[in-house]
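*Asks:* This is the structure, below, for whatever I ask next.
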């Protein structure tokens, strides 16, 4: 052994402290001895210290250690040596040493387990011990492999023959709890009951339970608390006797409810299938239980049981509800139930009538009905209210006949059902589109809503617009009828619409227009045809035809049927008209056709009457279609060269016409100019004659005036001067009068202006003063209200304290300084020292009073 301290083995003197020791090897006899301190050991030459100095092992109270290969001691607890002086050892043995005086390890001894505290086992705990050697424990003999418990409270003293497998703690069993135990081998439980290996049992006693040595806790089982609204569904895992003393067979199922116990802890041989809720039925509910449990507790397989409310019950194991809890059928006057018998029984609701399996019948309201277990409810019927323009298709399930019921409220019987009438996809699309056949014949609008699905059991109705007709064919009667609008058409079960597939587009293409109703017109259609003249000029014409159907008597069945004799009357009419036009144009030169196109086309289409005049209409006798007029919208050559030549000829004709009109206008202008010149010369001659006549009269007047001048010149001068004076005086008077009137008008206007200005200014000042007074009044009211609110919010005592705070503070300050009066000023200010303190305090108080008065204002 090597020294743990790494001592220098060449040293000769070893100082061993108290409770220390060393191992010294004697090389002469190869014996190792122990030297215990306190001591100073002088090593001899033939000795070598192989271990130490090392501290002795000290075991405090309630501690222990394990020594391997312990020394042999005699009866007096002394170490035994052999004849060579070497200590004897129990090799491959162990010794457990408890609290004692410190001791050294002798050569060969090994400290297998250091000093360790003894295990203190608490209450409700135990140590599972297992014997690894045979030994006797007092009066009890233990065999290797035996197990037992050291139960607390206590301190466990270990033995070398025993090992501690585990610490077991007691399981706390609370109210409504139990623990499931299993025997690991044959043993007796705490109550002394013998248990075989693998057997399980329960302990329900409330408190702490400490499992035995051969017992193991499998699980803690909680009790199921039962109420009035739930029950516990149990199944036996083996045959046993339950807590009531009843034998339960393996696989048997049963219920435990509150009537049996408030809380149930499942036994070890009971398996909880689930918690079953109570089923509660009101007085308007019922249910059918399948495979009900009989009075003997056994299920009656294949039977049913009707339960009506008010009642509450639990479903027993094996029982099921057919379609769950159902409501009682409350039937009104317009409702009924279709019933079907499942088995033969007497119907108490029908005066004891015997119902055979498969029978169907109907009960009508008003009533309250609960179906029995012998029958089933097929369906619930409700009367279908129908207006005069509404209907439904009904089929008799016994005879297969289909009929239409309209204009009444109808309820299907037990042998009737709604029949769905199928239509072709094209007719379905036309019916669902809900377009107006007159106003919405085009599909160019892309914002149309999605079509609504048709209810196929409803009678198909179609509104025929004014001046239109619809043909309906009855495949059963093999007859057709034509209905003229405005009318509402309702199809019978075997009737179908005659669908129209008309040509459309420009030029006409077949099967473009789909329609159910035939418009009688008048209307127009436009077509583009290609013709060829006698000189092989190919032209393209765009023509528009006005058409209508000539139906003088709509009650005439034969005449009405002729309307639908031609499936595509547009295409046939356009083809017939185009054929006539081509035939007529084929024998005409291009120039003639170009000059007389309208006449040629009208004559070719309408033909001539007995007087060789063009007829006014073209009649198709097959379907009474009448063409009344033709509009030539455009004529264009098909060949490009012909088109260019025609354009040149048209330009040349325009130039010729223009030149002719220009020459005519020039000749007319020259003629008018000559006529105007002649009238002017004549007028000059007449003016000269008139001038000569006027000159003659002038000479006569000059002669008369000369005579008058010679005889009364003086008189005339006097009269003229008098008249001039008179006129001058009247003018001066009028001028003075006008000036006076002008001055008066000016003064009146100025007075009116000043009056208006003063009145306006006075009104403005008055309104401004009123506004100022109103503003001042409102401001004073606001200030008064504000001050009142401030006074109310602060309080009179607070205001008084604030007013007195300044003077009181000054008085207190002066009193604290011991001064009667104080004045602080500079050298340039004169001071009146009379009544100084009173003046200062009075001035301060007066200032506070002034401020207070201002605040009140």
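Just so you know, glycine gets a Cβ as well, placed from its N, Cα and C.
Taken from Swiss-Prot, the feature compositional bias 'Basic and acidic residues' applies to 437-453. Per Swiss-Prot, the feature domain 'IQ' maps to 665-694; the stated evidence is sequence analysis. The feature region 'Disordered' is assigned by Swiss-Prot to 434-453. Swiss-Prot lists 18-60 with the feature repeat 'MVP 1'. Residues or ranges marked as repeat 'MVP 2' in Swiss-Prot: 62-122. Taken from Swiss-Prot, the feature repeat 'MVP 5' applies to 228-282, supported by sequence analysis. Among the features that Swiss-Prot reports, repeat 'MVP 7' is placed at 333-387, with the record citing sequence analysis. Here Swiss-Prot flags 388-441 as repeat 'MVP 8', drawing on sequence analysis.
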*Asks:* Please average pLDDT over the repeat 'MVP 5' (228-282) for the predicted structure.
*Replies:* 90
*Asks:* So how many of the residues in the domain 'IQ' (665-694) end up helix, strand or coil by DSSP?
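*Replies:* Once the DSSP states are binned, the domain 'IQ' (665-694) shows 30 helix, 0 strand, 0 coil.
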*Asks:* Within the repeat 'MVP 1' (18-60), how many residues are helix, strand or coil going by DSSP?
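*Replies:* Within the repeat 'MVP 1' (18-60) the tally stands at 0 helix, 29 strand, 14 coil.
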*Asks:* Over the span of the repeat 'MVP 2' (62-122), count residues by DSSP class, listing helix, strand and coil in order.
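*Replies:* Each residue of the repeat 'MVP 2' (62-122) counted once, the result is 0 helix, 31 strand, 30 coil.
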